[in-house]
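Everything on this sheet refers to the single structure shown next.
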C-alpha cells in the first residue's frame, strides 16, 4: 500500500496533473466540437434564426474573455491551484445547466459560462505547465497536450453526428459534465502549486500596474499580435463552416464531421512532429520552415475557390495546410511571449488570452458577416490577410526575442 501511495505521489505532477488538465481541456473543446454538427438542429429546436448558429462559438469565446483580467493576477497572488479547481467546478455546473435550457437565449448564456473555461485553462493551467517544467520539456509537453486535446475537433463532430441519431443533443452536454467532474477530481488530487501564496498582496493598484507593464512590453505586444492573428484562419472556419457546408452546401452532419478531420488532424500531426522529431523547436530556422506551408494553405483557399469553385475541397485543403504549418510553431510562440520578460506570468497569460480571444471573437463575427454578405471568397480573404500579416509580426517577434536573450546573457556576465 505504501508503495502504491509513493508511486502516485511521485507521478502526481509529471503524469496525473497533465492528464487531469488534458481531460478538462478536452471537455471544454467538446462543448463546441461535439455539438457543431447539430448546431442547426439546436437553432431549429428553439425556433431561432439560423444566423444565430455561429453565435454559439462567438459567445463561448466572449466567455473566455470575461474573467481573464481577474484570474491571472489572482492566481499570481493566491496560487494557481485554487483558481483552476474553481474553474473546473464552474465548467461542470454550466454543462449540467444546459440540460435545463428551454430557449436559444438560455442556451447562449450557458455557452457564455462554459466559455469561461478558456480563462481558467489558458491563463492558469497552461502557465502551471510552463512553470513546472523546463523550456524544451514544457514546449513538447504543451505540444502533446495540444495534440491530444485536438482529437476533440476530429472525433467530436464525428461522434456528435453519430450520437445525435440516437440521443437528444442535450445528452451530449450531460456526458461532457461527467468528464468535467472527473477532471475536477483529478486536479484536486494531483495539481501542484507553482507560486508562493501571499507573496504579493492583491490590490487594484498592483493589478493595474502589472497590466500596464505587460502592455508596455514590446515582446508581449508582438507575440500577442502574432498568436492572435494566426488563430483567425482556423477559428473563422470552425465557427462559420456549419453554415457554409450544411446550411448552404447541403452536407449531412456526418459529411460535415468528416470534412473537419483533415483540418484538426493536420495540427495533431504537426505537434507530433515537434515532439518526436524536432530536437530544439525554438530554433529560428525551424520556425521559418513552417511559414511557406502556412502561406501555401492560404493561397489554396483563394486560388482554388477562384479558379475551380468547390463546396468544400479548396476550403478544407487550404485550411488544413495552414493548420499544419501553424501547428508546428504555436507552442514555441506561446513560450516566447510568456517567458521573454520578467513580469508576473499569470498576468502575462491573462493579457495574452484577452488579446487572442478578443481578436478571435471579432474575427468570427467579421467572418460571418463576410459570408452572408459577400460569399466564399471574401470570407477566405479574411484568413489570407491575417496570415500574411503574421509573417511580418513573426519576424519582429523573433528579432526581439534574440535581443532579449542577448541582454540576459550580457547581464549574467
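Using the three backbone atoms N, Cα and C, a Cβ is placed for every residue, glycine included.
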Decide, relying only on Swiss-Prot, whether residue 133 and residue 289 lie on the same side of the membrane. yes
When you get a sec, could you say which of 192-212, 255-275 is annotated transmembrane segment by Swiss-Prot? 255-275
The topological domain 'Cytoplasmic' (332-351): DSSP-derived helix, strand, coil residue counts: 15 helix, 0 strand, 5 coil
Tell me, what is the mean pLDDT of the topological domain 'Cytoplasmic' (192-225)? 86
Do the transmembrane segment (226-246) and the transmembrane segment (82-102) share at least 3 Cβ pairs under 8 Å, sequence separation 6 or more? no
Should anything in the same chain at least six residues away from the topological domain 'Periplasmic' (247-254) have a Cβ under 8 Å from its Cβ atoms, list it; otherwise answer none. 37-38, 40, 50, 53, 157-158, 160-162, 164, 311-312
Looking only at residues six or more beyond either end of the transmembrane segment (82-102), which have a C-beta under 8 A from one in the stretch? 24, 27-28, 31, 71, 74-75, 110, 113-114, 116-117, 119-121, 124-125, 128, 170, 173-174, 176-177, 180-181, 183-184, 187-188, 191
Whether the transmembrane segment (290-310) meets the transmembrane segment (377-397): three or more C-beta pairs under 8 angstroms: yes
